[in-house]
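**Q** So that we are looking at the same thing, I have put the structure below in structure tokens.
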């Protein structure tokens, strides 16, 4: 990518998300989504190879299809109500079409098939943007239209996303695909609580962004894209090795780490609203998600090499520049739940 084009591309991505999140007019919302989509395609093809080109084409086709469905829903609602504002959605069919389009953009099941493939086909940092920043615009629309969304369909999408995200990551050895399936699971948790308490959805999104950013930055610092490369990271950056397991466990939602806090709030909110079976099923299914993170940790830090003679030891480690971002994120990843009683005092 041309260095002169990078500020323009990233500014357009930021502007598109900002326009969508701050607009109450459907046309401006759709324009912001299109700006965001078109500007993100060069980010996916930062490294020109057949795999990144394939990922960019898949991303474009899925997002264009979702935008077309969303525009059809907007126009049908306008024909029936005569309004362009997001608060005036009177047709149930239009709201269902909007929900399907936004679920496709978010990568929720059963529209999730593009997320692992696109994430695998791009770089780690581009995958980080795909799984974090690109969620903001669709979730901001969902936040505004949730009063008219069919709750049963949204809960079905959420539970299916948690199931697919948990089962899909079991047989993966590519770390980007594992994080992509983890993203599908987290989106399912966010959307499950949206009709009952949208503020918990926003809090869940913030925690998810912190956890995913920490994981991607740690893997990028190690240049680890597979479980095999991650298991050899002890010979590259020894100081990072003890921190990766805590990050992965927090991403899987193990108490008392930070990743359990949003799940705790979601389960509490759903239980208050009389849906005891749904949060119980969600918690049980998410244990599968925690299992393949435990498997990653086992292959990374618990197992020892059978013989040290077969491994080339580095006599000089890489001189990495010190950064305050990763240690700060690591602290938030592990210590936010223990201070939660101070942050969320009980009445």
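Cβ from N, Cα, C; glycine included.
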**Q** Quick test of your reading of Swiss-Prot: among 237-257, 300-320, where does it put transmembrane segment?
**A** 237-257
**Q** Which sequence-distant residues neighbour the transmembrane segment (274-294)? Criterion: at least 6 residues beyond either end, Cβ under 8 Å.
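**A** Contacts with the transmembrane segment (274-294): 155, 158-159, 162-163, 165-167, 169-170, 172, 178, 182, 185, 188-189, 192, 248-249, 251-254, 263, 266-267.
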**Q** Of the listed stretches (25-45, 96-116, 178-198, 200-220), which one yields the highest count of Cβ-Cβ distances below 8 Å with the transmembrane segment (55-75)?
**A** 96-116
